[in-house]
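First comes the structure, then the notes that go with it.
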Amino acid sequence: MQLDRIAQDLVAALRFYSRLPLPAGRDDPDAFAVPSLNRIAYAIPLAGAVIGLIGAVVLVGALALKLPAFLASVLAVTALVLTTGAFHEDGLADTADGLGGGRDKAQRLAIMRDSRIGTYGGCALILALLLRVAALEALVASAGMFRAALALVVAEAASRAAGVLLLLALPPARADGAGASFGRPSESAGLACALVAALLVVVILVPGFGISTAFAGLIAPLVALFAMMRLSGRLIGGQTGDVAGATQQVAVIVFLLGVLIFPGR
């Protein structure tokens, strides 16, 4: 695959998943159009790594300025939220409200479409942010700032692959939602996405942490994926864009916890 093609697809993925001011490419003249998921699926973990790198730079910079690890972790997570425009956090809140507050499929989907945040969504957001900050702070304490930064980069990459694989594993829960408009990836596109994410995990975590940590990094997103597949499949009979976003949030938390539990060398 040509480097120019990879660069074009990476930019398209970053435009969709972040607020970075990137120009439209040749294949996507409309910067606000939804890109073809089958085309950019393999580039989504790469986009996640770029987004994670922004948080990692903020983390290392804050720690280099002698800020406390807790504050540095808060700033890093804040940078990630600002970079993505709380894209996945919004999906987490909507999913928590819908799955937690609805009595049947129709009501759950209606609640998820409501832009207002309810009790379940608010609690999910608070807990998710706390868990990300706490896990990052603990990683800084146990592994050092540079290894914690590496883990953050890989977590953001691998967790986005989990969201893509959810779209592949389940049918759209409704015909007119974001999950349907973004498209359902083909098996080959999903496999390419998973392989790129796995490659990033191995290439970065094995030298930085060791084989056991890399293995945990491979398993963690799958644990989050299967948990969200089971929950979403049972309660709404499929997937939505919100559930894919929630899967990314759950996956990044489980990933960071996995690295903490299996710290390697």
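Here the Cβ of each residue, glycine as well, is placed from N, Cα and C on the backbone.
Among residues of the same chain six or more beyond the transmembrane segment (40-60), those with a C-beta under 8 A of the stretch's C-beta atoms are 6, 9-10, 12-14, 16-18, 72-73, 75-80, 83-84, 136, 140, 145-146, 148-150, 152-161, 164, 185, 189-190, 192-193, 195-197, 200. If you look up Swiss-Prot, you'll see 40-60 (among others) marked as transmembrane segment, on the strength of sequence analysis.
Sequence-distant contacts of the transmembrane segment (67-87) (same chain, six or more residues past either end, CB-CB distance under 8 Å): 17-20, 51-52, 54-56, 58-59, 129, 132-134, 136-137, 140-141, 145, 152, 156, 245. The feature transmembrane segment is assigned by Swiss-Prot to 67-87 (among others), with sequence analysis given as support.
Taken from Swiss-Prot, the feature transmembrane segment covers 121-141 (among others), and the record attributes it to sequence analysis.
The transmembrane segment annotation in Swiss-Prot covers 150-170 (among others). Within the same chain, residues 17, 37, 41, 44-49, 51-53, 55-56, 59, 76, 80, 88, 136, 139, 143, 179, 182-187, 189-190, 193-194, 196-198, 200-201, 204-205, 208-209, 217-218, 220-222, 224-225, 228-229, 232-233, 238-239, 243-245, 247-252, 255-256, 259 sit at least 6 positions outside the transmembrane segment (150-170) and bring their C-beta atoms closer than 8 Å to a C-beta of that stretch.
What Swiss-Prot lists as transmembrane segment is 191-211 (among others). Cβ atoms under 8 Å from those of the transmembrane segment (191-211) belong to residues 41-46, 49, 143, 147, 150-151, 153-154, 157-158, 160-161, 164-165, 185, 217-218, 221, 259, 263-265 of the same chain, restricted to positions at least 6 beyond its ends.
The annotation transmembrane segment is assigned in Swiss-Prot to 213-233 (among others) on the grounds of sequence analysis.
Residues or ranges marked as transmembrane segment by Swiss-Prot: 243-263 (among others).
Residues 59, 63, 69-70, 72-74, 76-77, 89, 92-97, 147-148, 151-152, 246, 249, 252-253, 256-257, 259-260 of the same chain lie 6+ residues outside the transmembrane segment (121-141) yet bring a C-beta within less than 8 angstroms of a C-beta in it. Below 8 angstroms of C-beta separation, residues 95, 99, 154-155, 158-159, 161-162, 165-166, 169-170, 173, 197-198, 201-202, 205-206, 239-240, 243, 246-247, 250-251, 253-255, 257-259, 261-264 of the same chain, each at least six residues beyond the ends of the transmembrane segment (213-233), sit close to that stretch.
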